[in-house]
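Asker: Below is one structure. I have some questions about it.
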Ligand SMILES: C[C@H](N)C(=O)N[C@@H](Cc1c[nH]cn1)C(=O)O
Ligand SMILES: [Zn+2]
Ligand SMILES: [Zn+2]
C-alpha cells in the first residue's frame, strides 16, 4: 500500500458529519417509485428526474438540462409513451481542471411488498441495529447517484473547490435497456460532453461482502419475449380443457428448449461464438477473494451449480447465461384458479460475453424458437422478438483512473481492492468508451449481497458513507494523476 497520500482527512470527516443529511436524501429518492418497466409508473420516473434537478440546483450545479428522448419504440403497449428525460448537469468549467463524466440511473426494478419484502419497498427502512438501509434502489442505483451529489455537498460545506469539473449524466431507462441513450451520447459527444477526459460509473457491486473492488468488465444483455395466443378470452378449463389448444402448453414447451437445468444454453451456435479462455485469463481468477460460501450467503441458499470459486467466477463473468424470467398473462396468484389463459408472453434474457455478435445472437434465438414452434404443430398464433439489448464491455484496468480509484479505496477501506468483472450489464458503458474515446471506470459502492433486483434490496450505511468518501477521494487522486 505504498502511494503518496493526499490530505483528505477533512473531506472524509465532513462526509461523516453529513451522514444524517445523506441518509435523508436517499430516503427521499427511494420514496419515488421510478420503475421504468412499468408503463403506469412512467410519471414517477419523470418525477424522479425532477427530484434530481431540484437537488442539483440546490447544490449549485450549473447548466442543468432535461433532455427529451421522444416516444418509446415498440414493443410497448402504449404507442404514445414518452421516454423519461436524461438529466445533464455540470459542476465547474475550469479549463485547468480535468473533466470527469459521472453516469448513473434514477430508474429502478419493480418491487411489491407481496413479493416477499419484509418492509415497504418504497419506504426506506433504516435498520439501526445493523446499520442497513432497505428499499428499492438503495444500492441500484439511487445510493451511488446520491453519492455524487453528496461529494459536492461535502466540498461546499468545507468551502473547497472540486478538484475536477464534474459532468453528470443520469438516465431513467437503464433497467429497461437504456432506450434512447446511445443516440443522445453520440449527439452530445462534441457538445455537452465535449472535453470529457474520463467516464466513471458507480452502478455495480462488490463481489463479496467485505472487500472493495474495481470493475473492468460487464456482460451484455439481450432480452426477448415469446408471445403465444389462442382463444379470444381466458376460458374455463372444465368447459374447454382438452378441447382447445392451450397457449400456455405451447409456451412452456418452447421455454424448456432454451436452457437445461444445469444452465447449459440449448440454442445452436451460441457457445461457438464465445472467445476461448486463455491460460493467463484462467490464472487471474486464482487471486480473487471469493468463496462458494459467499455465493450461498448472497443467494440465501445452497443451490449453486458449481462447487468452486473459479467455475463460479467464470460462469458469472466470462460465459453467457440464459435466464427464464416470467410469463405475462399466466395465472400467478394464490389459490387454485381453473383458467386457461388466452394469451401468454414468456420473457427470457441472455447475458452476453466476448465475442458474441448481438444481431447474430438474435437470429439464432429467433430461428431456434420458430423451429421449435413449428415442431409443436400448434394452431395458436406465435411471435418471438427482441425487447432490448445492451453490449458487453471489457477494458484494460491499468490506467490513471483505476490507479486513482485504488488509492482512494485504500485511504477509506485500508485494503487494496480486487479487480473484478461484473455478471450484470450497464448497456451504455461501451457507447461512452467509443463515442467519447475515453477510458471508463466502474467504481461500485454496495456489497455483493445487497439484493439488487431482488426482495429486501439494501445498502449498508458504512458502504454508503465510505462509498461517498471513495467517490470523492477518487476525484482528488485522479485530478493529480
Ligand atoms: C448492473 C446494473 N446495476 C444493472 O442492474 N443492470 C441491469 C441492466 C439491464 C439490462 N437489461 C435489463 N436491465 C441488469 O444487469 O439487469
Ligand atoms: Zn443499476
Ligand atoms: Zn439494476
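Glycine is treated like the rest: Cβ placed from N, Cα and C.
Unlike curated entries, TrEMBL annotations are predicted automatically.
Bear in mind that the values here come from a model prediction, so they are computed numbers and not experimental data.
Sharing the features that TrEMBL gives for it:
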- 105, 140, 203: Mn(2+) 2 binding site (BINDING)
- 107: active site (ACT_SITE)
- 174: active site, proton acceptor (ACT_SITE)
- 203, 236, 338, 351, 425, 453: substrate binding site (BINDING)
- 219-374: domain 'Peptidase M20 dimerisation' (DOMAIN)
- 236: site 'Important for catalytic activity' (SITE)
Asker: Hey, of 105, 236, 453, which of those binding-site residues are within 10 Å of the residue listed as 'active site, proton acceptor', Cα to Cα?
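Answerer: So far as Cα distances go, the binding-site residues lying within 10 Å of the residue listed as 'active site, proton acceptor' are 105.
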Asker: Consider only the recorded positions 140, 174, 425: which of them have a Cβ under 6 Å from an atom of ligand 3? Write none if no residue does.
Answerer: 140
Asker: Other residues with Cβ within 8 Å of the Cβ centroid of 105, 140, 203 at the Mn(2+) 2 site?
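Answerer: Counting only non-site residues, the set is 104, 141, 144, 145, 174, 175, 204, 426.
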Asker: Name the secondary structure element type, per DSSP in three states, that contains residue 105 (Mn(2+) 2 binding site).
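Answerer: Strand, per DSSP.
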Asker: Within the chain of residue 351 (substrate binding site), which residues six or more apart in sequence place their C-beta under 8 angstroms from its C-beta?
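Answerer: When sequence neighbours closer than 6 are ignored, residue 351 (substrate binding site) has 219, 220, 221, 320, 321, 322, 323, 423, 424, 425 within Cβ distance under 8 Å.
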Asker: Considering Cα atoms only, can you say which of 105, 107, 140, 203 is the nearest neighbour of residue 453 (substrate binding site) among these recorded positions?
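Answerer: Nearest candidate: 140.
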Asker: Distance check, please: Cα of residue 203 (Mn(2+) 2 binding site) against Cα of residue 338 (substrate binding site), rounded to an integer number of angstrom.
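Answerer: Residue 203 (Mn(2+) 2 binding site) and residue 338 (substrate binding site) have their Cα atoms 43 Å apart.
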Asker: Given a 10 Å Cβ-Cβ cut-off, pick out the one of the binding-site residues 338, 425 that has the most other Cβ atoms nearby.
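Answerer: Result of the Cβ crowding comparison: 425.
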Asker: Suppose you look only at the domain 'Peptidase M20 dimerisation' (219-374); what would the mean pLDDT be?
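Answerer: A mean pLDDT of 97 is what the model gives the domain 'Peptidase M20 dimerisation' (219-374).
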